[in-house]
Structure formats: C-alpha cells, structure tokens
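Down below is the structure, laid out as structure tokens.
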Amino acid sequence: MSDWADWDHIVKIDPDKTLVDGETFEDVAATGTDAIEVGGTTGMTEEKMKRVVDACGKHDIPVYIEPSNPASVVHSDRHDGYLVPVVMNAGDVTWITGAHKEWIRIDDEIDWSRTFTEAYIVMNPEASVASYTQANCDLDADDVAAYAEAAEHLLGQEIVYVEYSGMLGDPDIVAAAADILDDATLFYGGGIHDYESARTMAQHADTIVVGDLVHDEGVDAVRETVKGAKDATATVR
C-alpha cells in the first residue's frame, strides 16, 4: 500500500515563504496533518529546499519533496521521497516530460524506489502554476474527468491532483474526477481556509492539500482544516 493511501490531509510548505511569526515547523507537524509536502512554483533553490526539509524531517511525520525544477531537488535521508508533478493540461510540454527528462539527464543519484508522480490538472488561470505551465484551465467537469481517467488508465498514475491554487474550486468538478477513478488517489488543493471548506472538499477528494493557509494564517487555522478533513472522511467511510 502506498504511503498516501490513508492520508486525509497534507500541509504543503513553500520554501520561498515564511511561517507566521513565532511558529515553527514542529508546530506544523503537530497540527494533526498526515504529511508535509515541500514545494512551490517560483523562487525554488536547493538551499531553500534543504532548509525546510531538514527542519521538517526532524519530526515524526512523512515529508515529501515536490520538485518544480531540477534545482530544487535535495538528496537527503530527512525526507521520505519525491512527488513529481506531471501537468496533464499543460500547454508547454516541458511540464509533461521535458523538465523530468532534464532532471534525469543531470542527476545520477535519483532513488527510483522513493520517486513517484502526481498527475496535476491545473484549474485556476490566475495562478502562478497556470502561467508557468501555460495550462489550459478552461475545463468543465467532463474534461477534468477525462484527464483523470487518462492519467490513471493511460499513464498509470497513482495520484491525480486537481489543483485550484489560490481559489476554492467547484465541488462538482472534484466529484467528477473522484467518480471516474478506480484505484488512484485523488488530491485536491486550492482555497481551503477553514473547517467548512476542508470538509466540503474532503467529501469528494481522498486527500486535501493546504498550502497558503499555513503561511498566511498559521497553525491554528490549519488545525481546523485537519478537523474538517477527518470529519468528512469519517462520514464518507
């Protein structure tokens, strides 16, 4: 069974951003989240990534790097592995296979036993990740479901990630992706800011990802989203 099969909640930490004053990575690990993912779209460097991975890796919680480019890859025993984005609706093929090829070409230390992919479906045209990947975000529920099905059954993806990055998404679109998947785990990220938004999205997605909230509002707010996700999962099960 994959590490993420039982995750309800992930905190994503952007190494290019700071935590709320007075809070630590230990505080983040203690929110009740199931895992920490470390990554961001812009401003990523090996030095920034290493600082956050080393700090988070001291605590008893799974830590995964989500590399946005080869420069942000850190080889360390302080993390559990890599979750590498493959952007299904990217207009620039760099973010489907190009960056991945380049990483493999220049890095002879990749541990394939700890390296996995996430099939991203980017939905917010205003988000940095949409601009960065030239993603076509003009998608309806049928489009998203088709991308999700292609990811699982054509490309063998174990994780499908519906990403609204910075805005709360349409639950019906997330539900369409959830309904079409057989075994792949559905991640959802974007705009989760309180108990209710977490509970709503966790009723459809297997795992919700909370990012900006930890940097903007802090661990108390994150803790509420953990509760929302756990309550939704308990109801669904």
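One-based numbering along the chain as shown.
Backbone N, Cα and C define each Cβ position, glycine as well.
What you are looking at is a predicted structure, and each value in this text was computed from that prediction instead of being measured.
Record features (Swiss-Prot):
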type	residues	note
BINDING	Lys12, Tyr161, Val162, Glu163, Tyr164, Ser165, Gly166, Gly191, Gly211, Asp212	sn-glycerol 1-phosphate binding site
BINDING	Asp14, Thr41	Mg(2+) binding site
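A sphere of 10 angstroms centred on the C-beta of Thr41 (Mg(2+) binding site) encloses 18 other C-beta atoms. Among the residues Lys12, Tyr161, Val162, Glu163, Tyr164, Ser165, Gly166, Gly191, Gly211, Asp212 said to bind sn-glycerol 1-phosphate, no two Cα atoms are farther apart than 17 Å.
Rounded to a whole value, the Cα-Cα separation of Gly211 (sn-glycerol 1-phosphate binding site) and Asp14 (Mg(2+) binding site) is 8 Å. Within the same chain, residues at least six positions away from Lys12 (sn-glycerol 1-phosphate binding site) with a Cβ under 8 Å of its Cβ are Ile36, Glu37, Val38, Gly39, Glu66, Gly189, Val209, Val210, Gly211, Val214.
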